[in-house]
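A quick write-up on the structure given underneath.
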């Protein structure tokens, strides 16, 4: 049903406006904040990308955290730019584009969450595929290497399903023809560390893949990171729900403010047309 605008008995003053300055500038500063954040994300991503060697830059584009950061930053920059300019200039087209983009992103996030919950086995398989791909490119990308080491330390795990998954990496491969000095080894982040140990032994994982589970468990974490990640997810559902809500709430606020401002701008346009007709025709 079309929304009707209450038409005044006579033309209102030129200083009257349906557009609320509060809604307008709250939306502007809301977008300005995320616009600045997006520029920082792009700058950090570009800087991290330029620091890498050319060989590493071409090795693993699909899992490069720097590329991911740049892509998210550019997308956020474009969307918030529409929100900033649209609210400041009271441009309906830009505000509608901003609102539609936020709505699509919100629905995609919702769909991913629902599908991940319903098809948990398929989601687990996708996570396993991503982790195995990251293991293969462990030495190709310093950012990816640091990310994997951080994850293995935090979750006290090694590899995807088990520590022997590191044979998928060409440097840690356990075949007899592998000339690497790290043959049959695992990264130092898999090792059991003594809290009192001042200096970390980066060769502590040497030859661990050649040992059995019981023997290797005295020196490294033998359990894979997939199971640890699943268990952590189940144990922190409230935390994940809070993070999800924290990401969704600003999007919902932005959508509501944009739609509110669009309706107010349309009302203002109708009022201006009415005033023009009233002044042109006193009998109107």
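Cβ coordinates come from backbone N, Cα and C, glycine included.
Under the heading disulfide bond, TrEMBL lists 157-190, 158-174. Among the features that TrEMBL reports, transmembrane segment is placed at 25-48, 60-88, 94-119, 237-262.
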Long-range environment of the transmembrane segment (94-119) - Cβ separation under 8 angstroms, sequence gap at least 6: 31, 79-80, 82-83, 85-87, 244, 247-248, 251-252, 254-255, 258-259, 261-262, 265
Pairwise Cα distance for residue 174 (disulfide bond)/residue 190 (disulfide bond) [Å, integer]: 17
Sequence-distant neighbours of residue 158 (disulfide bond) in its chain (C-beta under 8 A, six or more apart): 152, 166, 186, 187, 189, 190, 220, 221, 222, 223, 224, 225
Residue 157 (disulfide bond), number of other Cβ atoms within 10 Å: 23
Among 174, 190, the one of these disulfide-bonded residues whose Cβ has the fewest neighbouring Cβ atoms within 10 Å: 174
Same-chain residues at least 6 beyond the ends of the transmembrane segment (60-88) whose Cβ lies under 8 Å from its Cβ atoms: 24-25, 27-28, 30-32, 34-35, 37-42, 44-46, 48-49, 52, 94-95, 97-98, 101-102, 105, 130, 133-134, 137, 140-141, 143-144, 147, 254, 258, 261
